[in-house]
Each structure stands twice: as C-alpha cells, then as structure tokens.
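Engineer: One structure is given below, represented as structure tokens, and several questions about it will come after.
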Amino acid sequence: MVRYGPQSAMATSNPSSWRVASMLCFVLLCSSAVEGFYLPGTYLHPYKKGAKLEVKVNSITSIETELPFSYYSLPFCKPKEGIQKMGENIGELLMGDQIENSPYKFSMKEDQEDVKVCVAPPLSESDVNHFNRRIDDYYQVNMILDNLPVSRYTRQKDSSNLLRWTGSPIGFKLDSDKQHYVYNHLKFKVLVHAYDKDAGSGAVLGTGEGLDVMPSATTQNLTGTFMVVGFEVVPCSVVRDVKVAKELEDGNGQLPISDCDPEKPHQAVKKGEEIVYSYSVHFEESDIRWPSRWDAYLKMEGARVHWFSILNSLMVISFLAGIVFVIFLRTVRRDLTKYEELDKEAQAQMNEELSGWKLVVGDVFRAPENPQLLCVVVGDGVQILGMACVTILFAALGFMSPASRGMLLTGMVLLYLFLGILAGYVSSRLWCTLKGTQSGWRPIAWKTACFFPGIAFTILTVLNFLLWSRESTGAIPLSLYFILLTLWFTVSVPLTLLGAYLGAKAEPITFPVRTNQIPREIPAQRYPSWLLVLGAGTLPFGTLFIELFFIMSSIWMGRVYYVFGFLFVVFILLIIVCAEVAVVLTYMHLCVEDHRWWWKSFFASGSVALYVFLYSINYLVFDLHSLSGPVSAALYVGYSLLMVIAIMFATGTVGFLTSFYFVHYLFSSVKID
C-alpha cells in the first residue's frame, strides 16, 4: 500500500520594518497569552481577475532520509524561460531550501482543465532508478503559491477523519505488481478571499522593504481584487496519449478530460517511457481572511494532550524545585545564624568539633583545574544562552513567523555573532578574577571566539562532505561558508575582543576570604561525587523532555512547531531549575569538605545534555526507525551532537554562575579573623 509522510510547511517573506515592529512589540507585550502569537507574513498581494500567479518549487524532501534534493534533479518539466533560483537568506540555505520557478502558471479566478505542461523526454535507465528510489523513500514535492505551501488531504485508515499534509508525493508503488507509478497530473484548488474594505482585510500592504500602511487612494484601488488564502492539491496518475499531447502547445494545450479514477491504468515509470505532465486548477472563494491563512498549517494535532502534559510537568517540577530551594535556604540561614552568634573562642572550638562547609574557608576559592577552559566554556555558554533567550522571546511575540522562511535560523546566527561581546566580557572578567591580574586576557578572548564556532564548523564540515557525496541540497554551499566565515571574522571576533577588553578593565571581583598556600586534604567520600553530579541532570531534564518531543518532531518529522510561548516558559523554568540544582549540589559538596566545586557546579546543571543526547538516540531508534541509510543516521547524530554541546554550555553556565555568586555570598557572611 501507499504510505505518505508529513513534510514541513514553510514559506518565504521579507522581515518587518523597524517602525511597524516596534509598534507591534508594544501591543504584543500587553498580551498575556501563553500560546505563540504570529504575524501572518509580510506579503499581502492583491490580485485582479486574470492576474498571473506563478507556482514556485522547493527542494523535494523525505522523512525517510532527511536528504533534500533539487526539484529538477528528477526529469520533471522545466519552465520555458529556464530555471531561475529565487533569492534566499542564510536560514533558508542552512535548512537546505532551494526555491526555483516552475512551469505551473495560473490566472486569478480563471479555472483550467487538463492543461498540458510538457511531454518529458524518454526515461533512461538512470532516470528510472532515480524515480524508483525517490518513490521508495516517500519523497514529496513542495510547491509554493503566493508564499503558501501546497497541502493535501488524506483519509485516515478505518476512520472518516481527514488528515492534512504539506507537499505532494512524487508517486507510489503497488504491492500487487511491484511497479512504480508517477503522479503526472496535479489537480490544484486555490482558495481566494475577496478584498473587503470594511473588514480591513487589506489594511496592510506588503512591499519589498516590509510592512507599510496603505494610503486611502491605494485602498480604494483594491476593490474587486482577491487574495490567496489556501493552496491545495490532489495528485493523480493518468495515462495520456503521447501523440495527441505532442501536437498541443506546452502550457496552453487542452488535453482530454481525465477523472483521476483510481481503477483506471496509472502512468508507470519504465525505461523509454514518455510521460505527459498536466494540471487542472479551480478557484474557490473562501471565508478565510488573509491574516488567518496560516492557521490551518499551525494547527496542532492532539493539542489538548500537549497543553495539559506541559502544564502538569511545569507545575510538578517547579513545586519540587521550590521545596528543595526553600529547605536549603532555611538550612544555610540557620547555620550562619548559629555560627555568628558564637564568640571567637566558641567559633574556634566549633571548627575543631564540627565538619562542613565552614572548614573549607581557606580553599573554597582556590583556582580550579584547567581555568582557561572553564573561562572559555562559560563565556561561550553566556553567548549561546543569550541567543536562545532572545530568539525564543521574539518567536513567542510573533516576529519570526513561519511565513518568513529561514527567519528563525537567520536570527539565531546574527544574534550569536553580535552577542560575542558578552562572551568576551564574561570570560575575560572570570579569568582576571581567578588570577587576580589583567594579564592573559587576550588568549582567553581568542579562545572564546574560536572554541564553540570551531566545534560547530568541524561537525558541519564533516556532515557537509556526506551531503556533497549524495548531491543533496542540504549541503551548505561554499559561498555560504565564506559568508559565515567573513561574518565571524569581521563581526563576532572583534566584538568578542572588545568585550574581553572591557571585562579586563572592569573592577575585578574580590574574594571575601584568603586562600591558604597549602591545599586542604579532601576526606574520602562514601559515594563518587561525579555520580551525584551526573544524576543531578535528571531534574532539569524533567522540565524539558515533553517539549523536547515536539521540537524533535518538528525538526525530523517535518511538523510545524509554533508554540513558542510555552517553549519560553519551559526555557525560563529550565534556567531556574538548573540554578537551583547547581546551588544545592555545590552546598552538598562543601558540606563534605570538598572544595572542588567549580567544574562540578558546571556539570551539575550541564549534565542535562547527557540525558538529551540519550533521548535523541531513543528518538532515533523508536520514532525514526524508518530512517534509511547510514548517511541519514550520521546526519541525525551529528546535528544532535551539536545541539547537545550547545545545551551543555548554556545550562552549565547557568549552574556555574549561580554557584559562584552563592559561594561568594555564603563566605562573605562568615566572620573571619
């Protein structure tokens, strides 16, 4: 039987202007809704009757391989004017998009039946093998009309419910004869909405530079125009008379009417076969308004389970973490109060009789092992954390709409580059604090600027070689490599060095107690401390794993993810829990006279990355079991590894900085002679 997989639904648009963005930001901040709000896109194109509509094609994709390929890598019909690539931003290129023109052209509100597109040349053996592999891997054709991806409906097995998918399958294979068939006739349905001046459906006009309010004269000229609010397709496999088709003009010829009867013969993929491609298009007026046309794509299946599961997880985790934190605060306050109420002789006697965090007062600020590496990873962690926070916030406010193709990734890259100044400042100031001098901040700055980008560059290069070997559009173009390297060298590195300079010149953080020259011997521990550190990551992971499933499904199963409001709440809760866990673990280590808290506080919260990676492997085995080929598995593991490293740096930084300020506050409250 034929099986189809879900595909991603994204479309292209230019970003909003700063003027409108600032105005909308104020309005959105007044909203208390947790669900992610979105702007409907920045292109509003009103079309008069008879106006030309051009369908664009994106890369063909499959959830079976995760390897996108160019639409014209298969012997489909090409446009008369030649193949033209559309302009793409950094995010689109990183996602493997390749948007091109197509021979499918419509006229607004003019229905057409069985229009001949072309007669493809006879299929060679190589063409047949290509078609068969793509059909076996359930590849989908992704078309775009007026910034909307094409969608189709299928009926659920043993049910009358209709399921909505994006994209159109290339073909199918019947179990009965093992023959592959191609969908060579596409029946399009374009939903349009008439311009309604009173309803304000055209109150905002999209231009090449962003959103602008239309003057009244322009508004009056839109009367009688239509806007595209839906784009659907029903693929068919139809056997055509090649001789009759060759006598007709490509793009205009009227072929004999076909009813797409599934009982009639289908167009087989065979060597030497000349395939006739055709399409029909019907326009249907709809009540859907232009600002709401993306609602159908963003609609989540099983939303009730999604919302209640996340809410329950947030409440339980925050409640448990709050209890632990309150108990911990009461314990520390009682210790401090009891210690300060004693006179000096009693304190000395108490130090001899009692053990605990008070005995490591002369070693608690002793420099850790590999202090340079610690400064670098904390600096990079601050940079990644800032990028994630701002990106999710803007996405939750709706400024990174799915109508803006690649906007999310583009924003993340640019934010990471500009936040280099923060990474340099934190790493340099931490280094000066540990060493007590300004010397040596330049090497720290350079290492901070190169460490995480170097890891990302290495992983992406290895994965890129795999994609190049398969001639996939998912491979990062060499031009983009040079663009990213140029941006890194001209923007991120100078800002990191500037931040490091400011951090070195800033007033250093002074320790409240002196460090002994001879380190204190650490008593033998009943349990390995690193076992406790690794186990601490389970609590932060508990706040994340439910949302992680939906994120992974969005990335690898082609589903649209747009509940960034909830993601932002989960992100904030994750930061709070990471901070609490790290502080509690640091206090426990100090209580057993273990003053090596620096790296342990980092990994106490950063160990959540280990569980994320294990969850990724679990997702690969049990949810992506249909993923075919070692290249696809290597891509999945490689991208997951990059994500896990970024999570470790960000969450570890939260734990370390919180523990650092906690230890500083704790020992500044102790009376020292």
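Each position is counted from 1, following the chain as shown.
Glycine is no exception: its Cβ is also placed from the backbone N, Cα and C atoms.
Pulled the feature table from TrEMBL, pasting it below:
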{"type": "TRANSMEM", "residues": "307-329", "note": "transmembrane segment"}
{"type": "TRANSMEM", "residues": "373-400", "note": "transmembrane segment"}
{"type": "TRANSMEM", "residues": "406-427", "note": "transmembrane segment"}
{"type": "TRANSMEM", "residues": "448-468", "note": "transmembrane segment"}
{"type": "TRANSMEM", "residues": "480-504", "note": "transmembrane segment"}
{"type": "TRANSMEM", "residues": "530-556", "note": "transmembrane segment"}
{"type": "TRANSMEM", "residues": "562-585", "note": "transmembrane segment"}
{"type": "TRANSMEM", "residues": "597-617", "note": "transmembrane segment"}
{"type": "TRANSMEM", "residues": "637-663", "note": "transmembrane segment"}
Engineer: Any residues 6+ beyond the ends of the transmembrane segment (637-663) with a Cβ under 8 Å from its own?
Structural biologist: 364-365, 374, 377-378, 380-382, 384-385, 388, 452, 455-456, 459-460, 462-463, 540, 574-575, 578-579, 581-583, 586-587, 590, 597-598, 601-610, 612-613, 616-617, 620
Engineer: Does the chain bring the transmembrane segment (530-556) near the transmembrane segment (597-617), so that three or more CB pairs sit under 8 Å (pairs 6 or more apart in sequence)?
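Structural biologist: Contact between the transmembrane segment (530-556) and the transmembrane segment (597-617): present.
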Engineer: Looking at the transmembrane segment (373-400) and the transmembrane segment (448-468), are there 3+ C-beta pairs under 8 A, with each pair at least 6 apart in sequence?
Structural biologist: yes
Engineer: May I ask which of the stretches 448-468, 480-504, 562-585, 597-617 has the most CB pairs under 8 A with the transmembrane segment (406-427)?
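Structural biologist: Out of the listed stretches, 480-504 contacts the transmembrane segment (406-427) most.
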Engineer: State the residues, same chain only, that lie 6 or more residues beyond the ends of the transmembrane segment (448-468) and have a CB under 8 A from a CB inside it; answer 'none' if no residue qualifies.
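Structural biologist: Residues 67, 375-377, 379-380, 383-384, 420, 423-424, 427, 474-476, 488, 492-493, 496-497, 500, 631, 634-635, 638-639, 641-642, 645-646, 649 contact the transmembrane segment (448-468) from elsewhere in the chain.
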Engineer: Using a Cβ cut-off of under 8 Å, list the residues of the same chain at least 6 residues beyond the transmembrane segment (480-504) that approach it.
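Structural biologist: Same-chain residues near the transmembrane segment (480-504) but 6 or more away: 90, 93-94, 413, 416-418, 420-429, 432, 438, 441-442, 444-446, 448-449, 453.
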